[in-house]
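J.: Before we start, here is the structure in question, set down as structure tokens.
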Amino acid sequence: MSKLLVTDTTLRDGSHAVSHSFSPEFVGEIVSKLVAANVPIIEVSHGAGLSGSTIQQGFSTHDEWKLIESAVANKKDSKIASLFVPGIGTRPEIITAANIGIDVLRIAVHCTEADVTQQYFEQAKKSGLETVGFLMMSHTQPASVLAEQAKLMESYGADCVYIVDSAGALVPEGVRERVAKLKESLSINVGFHAHNNLGLAIGNTIAALEAGANQVDGTLRGLGAGAGNAPTEVLVAVLNKMKIETGINLTILMDTAEEIIAPVFQYPLVIDRDNLAAGYAGVYNSFLLHVREAAAKFNINPVSIIEELGRRHAVAGQEDWILDVAIELAQKQLVR
Amino acid sequence: MEKIKVAILGSGNIGTDLMYKLLKTEGSMELALMAGIDPESEGLKRANELQIPITAEGIHGILEHDDIKIVFDATSAKAHITHALLLKEAGIVAIDLTPAAVGPYVVPAINLKDHLELDNVNMISCSGQATTPLVYAVNRVAPVKYSEIIATISSVSVGPGTRQNLDEFTLTTANACQEIGGAKSARAIPVINSAEPPIMMNNTVYAVLEENADEKAVIESIEQIVQEVQKYVPGYRLKRAPYIDIRHTPWGDLPTVIILNEVEGAGDFFPTYAGNLDIMTAAAVQVGEQFAAHILKKKGVIV
């Protein structure tokens, strides 16, 4: 088996958990630590990908290009990746990011919509980038559908396709099935991105490895949307115990997670009621803070909003439905 | 009564829905020809069954007729660039349903009357037809610093043209919100949802205002424009009353109008959830009707 490739996405998925407030200095500091620890790929962008600074997704405090410049300036032998969501980003942003010096573009779509990604894979390749296809909300589709979608991405030029458990809704068996089916269907790398809503971020990541995944994601201390991700330092510790070589220095990760990342947490990252409800109902993790805000404003239980979003099959990028649901629930309460 | 002869160019889904809409429209237009390039296409077959003259020779089939005054182009942006030149030479008005935007953007509820002397107008995009009137309605009473629209459409209603060129859809819609909606800056974000049963087209418009505004006037203006659009898209409506919130923005904490809109189709050819496709063809029929009436009026025919 070729060496397992770990991507740390603290500076992208973690952006959701701090309401997109990372500064260029902070990004530079974290990237230097991850580089020193020998993490091969480091993802940096707004949580919703390039150009994600919007009313819908939350405005960034700092200019995203400055964050990426700061990451690139400190990257040394590691690669810098950015997330890209078609519709939120357009091709000009891919060109700008490539010109700044990112190495990898991770192109994310709802897991049934791979055929909108062709023009972006082509642009990324033209701009000299490695490419990853990100099949979001993979729990909603069976392995066979995901494999078809992944094959489309492979045909557009993807170097790897990820099963992305955006809602933290998968259990290990579901992860194994999906990863194994992609391995069987593709000739490129297969990856897995976990969320921890059911307490399975590390367990599911290991299940993915056992099913043949070549690439996996983590974030320092688990800092990420909703219930957070597989903590990179915990993942590396587990992999060391399993004698799976990553070349990553555990001590530097542990110190960075403890001393630099823990202090920026804005709320405790635990599997509380809202996060468990999201994982159980299969609702996109990035909705969490928007749900809490709407629930507070209209004085309703966040879980009722989460459950209704699950019933409506909301996909990534549908934060506007939160307000719609909240107003509707508030009106129902008044009627009662 | 004299009518203006019109043709549909493109026998795909949009062209076919347009055909049904034209057939049920009592007005100044007569559908004289349905043009495609595939004689086996569903659209041409259906037109033939309805005894509408057809051609599988595309634009050239249309140019052979010398009495057609208006062509609805439902092909592709690339094809329309060529068609636009040929139609112009032939003195035929082109109503462009592709993203080519050779002519200016037109939304019946906003600016159609300004463009009736032109020979080419563009229908923007489905979400452009749905959201620019809302941005315009806010901006005419309270200047809009930034508008952001989220257009959520069902996966089954998004055709291959849009899928292969999502950027065109995204950028065109944002441009229209600025150019004719009047927002100082604008973003448009399409979201494709694959839920079953398919969801109805719904749009959220966020309009960040320059300063505090008269809330009542803003809401009245929005309600008024919705009624205007409903005249030609009956299933166009507000999901709930517009909501004004204070939002953190890069320009400070500013009042932001949030409008939740949905579009239910008429079910002519597309299922009713595909309001995104319906609003394009319904708006195009309205544009065609105004052009046809204008041509008749110039000829001295009272309509």
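For all residues, glycine too, the Cβ spot is worked out from N, Cα and C.
A quick note: this is a predicted structure, and the numbers were derived from the prediction, not measured.
When I checked TrEMBL for this same protein, it listed these features:
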| type | residues | note |
| --- | --- | --- |
| DOMAIN | A:4-254 | domain 'Pyruvate carboxyltransferase' |
| SITE | A:R12 | site 'Transition state stabilizer' |
| BINDING | A:R12, A:D13, A:S166, A:H193, A:Y284 | substrate binding site |
| BINDING | A:D13, A:H193, A:H195 | Mn(2+) binding site |
| ACT_SITE | A:H16 | active site, proton acceptor |
J.: Given the recorded substrate site (A:R12, A:D13, A:S166, A:H193, A:Y284), which additional residues of the same chain have their Cβ within 8 Å of the Cβ centre, ordered by sequence?
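T.: Neighbours found: A:T9, A:H16, A:G47, A:A108, A:M136, A:V164, A:H195, A:G224, A:A225, A:N229, A:N285, A:S286.
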J.: Using a Cβ-Cβ cut-off under 8 angstroms and a sequence gap of six or more, which residues of the chain neighbour A:R12 (site 'Transition state stabilizer')?
T.: A:E43, A:V44, A:S45, A:H46, A:G47, A:A81, A:S82, A:L83
J.: When you measure from the Cβ of A:D13 (substrate binding site), how many other Cβ atoms are you left with inside 10 Å?
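T.: Other Cβ atoms found within 10 Å: 28.
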J.: How long is the line from the C-alpha of A:H195 (Mn(2+) binding site) to the C-alpha of A:S166 (substrate binding site), rounded to the nearest angstrom?
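T.: Between the Cα atoms of A:H195 (Mn(2+) binding site) and A:S166 (substrate binding site), the distance comes to 6 Å.
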J.: What Cα-Cα separation, expressed in whole Å, is found between the residue listed as 'active site, proton acceptor' and A:Y284 (substrate binding site)?
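T.: It is 12 Å, counting Cα to Cα.
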J.: If I take every residue in the domain 'Pyruvate carboxyltransferase' (A:4-254) and average their pLDDT values, what number comes out?
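T.: A mean pLDDT of 98 is what the model gives the domain 'Pyruvate carboxyltransferase' (A:4-254).
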J.: Run through the Cβ atoms and count how many others sit within 10 Å of the one on A:H195 (Mn(2+) binding site).
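T.: Step by step: centre on the Cβ of A:H195 (Mn(2+) binding site), count other Cβ atoms within 10 Å, giving 31.
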J.: Among A:R12, A:D13, A:S166, A:H193, A:Y284, the annotated substrate contacts, find the widest CA pair distance and round it to a whole Å.
T.: 16
J.: Counting Cβ neighbours within 10 Å across all chains shown, tell me which of the recorded positions A:H16, A:H193 comes out on top.
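T.: Compared across A:H16, A:H193, the most Cβ atoms within 10 Å surround A:H193.
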J.: Could you work out which of the binding-site residues (A:S166, A:Y284) has its C-beta surrounded by the smallest number of other C-beta atoms within 10 A?
T.: A:Y284
